[in-house]
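Residues or ranges marked as substrate binding site in TrEMBL: R18, G19, A20, G21, R60, N204, K205, K230. Per TrEMBL, the feature active site, proton acceptor maps to C125. What TrEMBL lists as active site, proton donor is D194.
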Amino acid sequence: MYERVRDIGEKIKSMEIRGAGRIGRATALALKYFSEDFKGSKEEFLKELEEVKNYLLSTRPTAVSLRNAIYYVVNRKQGSTLEELKESIIKNAEDFIKRSEEALQIIGKYGAGRIPDGATILTHCNSSVAIQCIVQAYRDGKKIKVFNTETRPWLQGHITARALAKEGIDVTMIVDSAVRYFMRDIDIVVVGADTIASNGAVINKIGTSQIALAAHEARVPFIVCAETYKFSPETVIGKLVKIEERDPREIANPEDFPGVKFRNPVFDATPPEYIDAIVTELGVISPYLAYEIIKEVMNVGIEGKEDRH
Ligand code: RUB
């Protein structure tokens, strides 16, 4: 495997590169690097491209951004000669990264619009899109406060808290299980998404669905911020989103607990009835419009029969 591809793949696996948006962009970059570094015939290129694709797909199973980046870069390649194919992949990868970065900025503006002046916001895990909306609201001059969960077991909340504090935002970190206790102080919940299914369910960091439940109970608006490449075309044809289960040692050392089993699913699904809106770069939509997004943007509808990978 090419060194620069392997380097990105291993960083995604070990979560040095994490968060669905970054995973998508890193995947596109790995495919660009492969095309740049490849030496050999056209036949070898196509064969090795399949291997690289499958390797990247094996790094993390839940974030559809990874699959959609591969689809955008590889399946839309054009050309008949080796040089044309390589150039097309490099161009598609650069396009994907550029569009992803632009989407982040646009969602930041739309999402900030949904945050009232004086609001106390709750966020979970570390979503670059959710943070973008919060930071934008703050830069727009809104007097906001943020509560953020530490996000066990990987503690992505530490990254969020530091980023918000660095920006000058009033941020309070709480343990995940304190969410319902504090919900009475919260005006709006803002989270990101790993994957959005065609029925509008949002798959995000484990614990998101519990937060949505507590928000629903307290009648606190629950907003999801996600680029359109977080929507999953495969779910239109009945595929279920695979929930990643990671090493239990992320929770505790099993050797310290003889006879105890551990489970470590790292994502969960929040049903659409608990979601007030999804903020995308195409606008703010109801979760029930997920199918339309998939149909419009990805050109895959009920008629899209086959698995794309
Ligand atoms: C990260 C996570 C984030 C989404 C969205 O999980 O659940 O909320 O990926 O992030 P992990 P972004 O840390 O396991 O990758 O908005 O940055 O795409």
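One is the number of the first residue shown, and numbering goes on along the chain from there.
Placed from the backbone N, Cα and C atoms, the Cβ positions cover glycine too.
Locations of recorded TrEMBL features on the structure.
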{"residue": "R18", "record": "substrate binding site", "contacts (Cβ under 8 Å, 6+ apart)": "I12, N126, Q156"}
{"residue": "G19", "record": "substrate binding site", "contacts (Cβ under 8 Å, 6+ apart)": "N126, S127, S128, Q156, G192"}
{"residue": "A20", "record": "substrate binding site", "contacts (Cβ under 8 Å, 6+ apart)": "A63, V64, S65, L66, G192, A193, D194, T195, A226, K230"}
{"residue": "G21", "record": "substrate binding site", "contacts (Cβ under 8 Å, 6+ apart)": "S65, S100, L104, S128, V129, G192, E227"}
{"residue": "R60", "record": "substrate binding site", "contacts (Cβ under 8 Å, 6+ apart)": "I12, K13, I23, L66, E244"}
{"residue": "C125", "record": "active site, proton acceptor", "contacts (Cβ under 8 Å, 6+ apart)": "T149, T151, Q156, G157, T160, V191, G192, N204, K205, G207, T208"}
Can you name every residue in this chain, apart from R18, G19, A20, G21, R60, N204, K205, K230, with its Cβ inside 8 Å of the center of the Cβ atoms of the recorded substrate site? R22, I23, T62, A63, S65, S127, G192, A193, D194
Of A20, R60, C125, N204, K205, K230, listed as recorded positions, which ones have a Cβ less than 6 Å away from ligand 1? A20, C125, N204, K205
Three-class DSSP secondary structure - N204 (substrate binding site): strand
